[in-house]
Ligand code: MRU
C-alpha cells in the first residue's frame with residue numbers, strides 16, 4: 001500500500017479482499033472472500049475491525065450472499081436470514097446493524113434477484129463512499145473546534161485505532177488528528193497502546209508514522225502522567241455506539257480517559273459518523289458489551305503472560321457517561337456537552 005492508500009477493504013465486484021489487521025504492522029496479508037460466511041469470519045475474528053469498517057464489510061457480504069443465492073427459489077428469505085446472522089458477528093458496534101438495515105431496505109424495492117444484486121452492490125458502494133465523505137467533514141469540524149480555543153498547535157491523546165484502517169476513509173478521531181496535521185497545528189498525537197489487541201501500537205502508530213506525523217506511543221496507564229505533565233489538550237476518540245442520552249460505548253479504556261480528562265481539565269471529544277448514533281437505545285446501560293476469550297490476556301502468541309487457568313475479565317468496550325463528554329462531532333455538526341442536552345443528539349442523525 002502506498003502512503004495515501006491505507007484501506008482495510010478492497011471490493012472487486014465478485015470478491016471482497018480484507019486486510020488482516022491482526023498481522024499488522026509485521027505483515028500485510030490480504031484474504032479474499034466470495035461469500036457471506038467468509039465475511040462473517042473476517043469480522044468476528046477481527047481481521048477487519050473498527051465500527052464503520054465492519055459495517056461496510058457486512059454490506060459487501062450481503063452482495064456476495066445475494067449473488068450466491070440468485071438462482072435459488074427462496075433467495076429472498078435466505079438473504080434476510082443471512083443479514084440477521086451477519087448482524088451477530090460483533091454485538092456492540094451499531095454501524096454493523098445500521099449498514100445491514102440499509103441493505104435490507106433494498107429487498108422490498110425489486111422483485112427479481114438479478115436486479116437486486118445490482119441494487120445491493122450500488123448500496124454497499126454508497127455506504128462505503130458516504131463514510132469517507134463523513135470522515136472528511138468530521139475532520140474539518142473537529143479540527144476547527146479544537147483550534148477555536150487555542151493559539152498554537154494542539155497536543156492530543158487518542159485510544160485504539162480510529163483511522164483509515166477502521167473506516168471507509170481517513171478515520172474518525174484520527175481524521176481530526178490528520179486534519180490538524182495538514183494545517184500544521186498538531187504538536188503531538190499521543191497514542192495509547194490499547195491492551196489487549198494493541199490497536200494503538202500496531203495500527204495507529206503505523207498509520208501516523210507512515211505519514212510523518214509527530215506521534216508518541218505510551219502504555220495505557222501512562223495517560224494520567226501525560227495529563228498531569230500538561231502534555232494533553234484534548235482526548236480525541238471514536239465510538240462504537242452513542243445512545244440517545246449521549247452515552248458513548250468505545251474501546252475498553254475510554255472511560256478511564258474521560259475520568260482523567262475531567263480531573264485534569266482536558267477536553268474530551270468523541271468523533272463518530274451519524275451511523276454510530278443509536279437514538280433508539282435510551283442510555284449506555286442498555287448496550288450489549290462484547291466480552292472476548294480470556295486467552296487474549298493470558299497469552300501473547302505462543303508465550304504465556306499469565307497462569308493458563310487464571311480467571312479473566314475481558315470486556316472489549318466500556319461506556320462513558322455523557323456527562324464526561326465535552327463534545328460529540330458527527331459529519332452533520334457538533335453537539336456540545338451532550339450530558340446537558342443543549343444540542344439534542346437526534347439533530348445530528
Ligand atoms: O475492537 P475494535 O478494534 O473493533 O474497536 C474499535 C474501536 O473501539 C474504535 O474506537 C471504534 O470502532 C471507532 S473506529 C472509527
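Using N, Cα and C of the backbone, Cβ positions are placed for all residues, glycine too.
All annotation found in TrEMBL is predicted automatically rather than curated by experts.
Given the structure is predicted, the values throughout are model-derived calculations rather than measurements.
Here TrEMBL has 49, 50, 51, 199, 250, 251 binding substrate, and the candidate from 10, 78, 90, 286 in that same listed site is 90.
Listed recorded positions: 49, 50, 90, 240, 250. Those with a CB atom under 6 Å from ligand 1: 49, 50, 240, 250.
DSSP assigns residue 90 (substrate binding site) to coil, not to a helix or a strand. Across the residues annotated as binding substrate (49, 50, 51, 90, 199, 250, 251), the two Cα atoms farthest apart lie 17 Å from each other.
Rounded to a whole number, the distance between the Cα atoms of residue 240 (active site, proton donor) and residue 90 (substrate binding site) is 11 Å. Taking the Cα atom of each, residue 199 (substrate binding site) and residue 240 (active site, proton donor) are about 15 angstrom apart. Secondary structure at residue 51 (substrate binding site), taken from DSSP and collapsed to helix, strand or coil, is helix.
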